[in-house]
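Structure first, commentary second.
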Amino acid sequence: MATAAWLLGRRVASWRMRPPLQSLAGLITQRTNSLLPVDDAVNGLNEEQKQLRQTVAKFLQEHLAPQAQEIDQSNEFKNLREFWKQLGNLGVLGITAPVQYGGSGLGFLENVLVMEEISRVSGAVGLSYGAHSNLCINQIVRNGNETQKEKYLPKLISGEYIGALAMSEPNAGSDVVSMKLKAEKKGDHYVLNGNKFWITNGPDADVLVVYAKTDVTAVPASRGITAFIVEKGMPGFSTSKKLDKLGMRGSNTCELVFEDCEVPAANILGHLGKGVYVLMSGLDLERLVLAGGPLGIMQAVLDHTIPYLHMREAFGQKIGHFQLMQGKMADMYTRLMACRQYVYNVAKACDEGHCTTKDCAGVILYSAECATQVALDGIQCLGGNGYINDFPMGRFLRDAKLYEIGAGTSEVRRLVIGRAFNADFH
């Protein structure tokens with residue numbers, strides 16, 4: 001009688017001799033090179049905005065899509081610098097920056113659209129783009145003096161430099177005002193000592209906006225915070241080994257270390273002791289622009305799931321024809337479209353000068369949680385294929401989860417919204 005081990009060995013050998021599953025390989029190739037159409041007439045975009053999406057999407061399919069899965073698996077974007085310069089040539093790195101510094105002079109809606117399309121191809125590269133274009137460049141645009149803008153913006157906008165923002169610390173995440181990084185005045189410099197943690201683009205950044213305590217006795221503590229522009233290579237500034245993250249792999253993140261790091265007083269961004277105003281006003285726009293990330297991830301889930309449901313067969317028909325699968329398609333699509341309308345409308349309002357803290361928190365709260373659910377639904381639709389790494393569904397889920405944590409957790413966003421309503425009744 002054949003033993004169980006012998007039978008298992010026969011089955012394994014037989015399986016290994018089979019040719020690759022054509023439906024699986026074919027679908028992966030198909031999804032790499034084509035996207036579902038996005039109806040921007042429904043989304044309320046003008047012709048220039050529609051063209052922007054199409055141009056960016058076409059560029060990304062050629063220059064980023066073929067690498068997206070490898071970037072995630074290796075946790076490394078090998079040609080990051082080259083790609084960044086290509087984004088600079090495309091004109092999207094300084095999309096909200098004035099033309100005089102090499103920017104495109106467009107609005108936050110356009111920034112969201114680019115963030116969405118990059119995240120549609122790679123959530124990790126989208127996150128790095130958001131940190132560069134909004135957290136770094138836009139902060140210098142909004143708060144820098146003319147000398148600072150002329151010095152830093154052109155190279156950040158061209159892609160020669162990579163930018164970052166450093167706010168969080170190991171024990172100061174949501175409670176960011178409790179930061180411990182200290183900046184002590186000595187002559188015409190400030191000497192920084194301490195560290196920052198979870199810093200997106202940290203290992204790669206040439207220019208960083210860094211928040212530090214210049215007055216540890218200030219009451220309230222927020223009045224003692226100042227923003228600085230720090231350059232890679234400044235003596236006393238170093239980066240630790242990049243972190244091995246659950247998702248957003250290839251968007252390099254690390255700890256920043258400051259050991260008697262001398263930063264010129266001329267590099268104060270905004271005004272001494274007014275860093276909290278730079279921080280909080282920038283945080284609203286950070287949350288808005290980063291909300292484009294979950295939109296892109298949700299669209300990517302649909303890009304892969306909808307065609308699969310109309311190719312895979314079970315019980316003699318395409319599984320997309322089963323009512324339960326139709327329900328999932330409807331749920332995923334309506335979540336995406338509801339999020340899009342909210343994000344786009346808040347972006348339009350900000351472009352018109354009406355930017356509210358509760359809605360900037362609201363757009364990323366809702367879109368982030370919807371993205372996680374849509375990614376879970378996508379995995380369920382693909383069944384076993386959704387759970388193997390030949391398909392990118394697991395990547396979408398891991399990337400989506402970051403947006404419930406970064407730029408303020410979902411819990412903090414709910415507090416922000418609730419407090420805004422409470423303030424109306426004081």
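For all residues, glycine too, the Cβ spot is worked out from N, Cα and C.
On a predicted model such as this, the values are computed, not experimentally measured, just so you know.
Record features, source Swiss-Prot:
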- Glu286: active site, proton acceptor (ACT_SITE)
- 165-174, 198-200, Arg312, Gln323, 380-384, 409-411: FAD binding site (BINDING)
- Ser174, Ser222, Arg223, Tyr277, Asp284, Leu285, Glu286, Arg287, Ala407, Gly408: substrate binding site (BINDING)
- Lys58: N6-acetyllysine (MOD_RES)
- Lys58: N6-succinyllysine (MOD_RES)
- Lys78: N6-succinyllysine (MOD_RES)
- Lys78: N6-acetyllysine (MOD_RES)
- Lys241: N6-acetyllysine (MOD_RES)
- Lys318: N6-succinyllysine (MOD_RES)
- 1-32: transit peptide (TRANSIT)
- Can you count the other CB atoms that lie within 10 A of the CB of Lys78 (N6-succinyllysine)? 12
- Message: I need the CA-to-CA distance for Asn171 (FAD binding site) versus Lys58 (N6-acetyllysine), whole Å please.
- Response: 42
- Query: Cβ-Cβ under 8 Å from Thr200 (FAD binding site), same chain, 6 or more residues apart: which ones?
  - Reply: Leu127, Ser128, Ala131, Leu135, Ala164, Leu165, Ser251, Asn252, Thr253, Gly406
- Message: Between Leu165, Ala407, which of the binding-site residues has its C-beta surrounded by the fewest other C-beta atoms within 10 Å?
- Response: Ala407
- Query: Given Arg223 (substrate binding site) and Lys241 (N6-acetyllysine), what distance in Å do their CA atoms have, once rounded to a whole number?
  - Reply: 32
- Do me a favour and check the Cα-Cα span between Lys78 (N6-succinyllysine) and Asp284 (substrate binding site); whole Å is fine. 32
- Query: Rounded to a whole number, what is the top Cα to Cα distance in Å among the residues the record ties to substrate, namely Ser174, Ser222, Arg223, Tyr277, Asp284, Leu285, Glu286, Arg287, Ala407, Gly408?
  - Reply: 23
- Pairwise Cα distance for Lys58 (N6-acetyllysine)/the residue listed as 'active site, proton acceptor' [Å, integer]: 26
- Local Cβ density at Asn171 (FAD binding site) - other Cβ atoms counted within 10 Å: 10
- For Asp284 (substrate binding site), the closest of the recorded positions by C-alpha position, picking from Ser168, Lys241, Lys318, Gly383, is Ser168
- Message: Roughly how many Å lie between the Cα atoms of Lys318 (N6-succinyllysine) and Gly383 (FAD binding site), rounded to a whole value?
- Response: 14
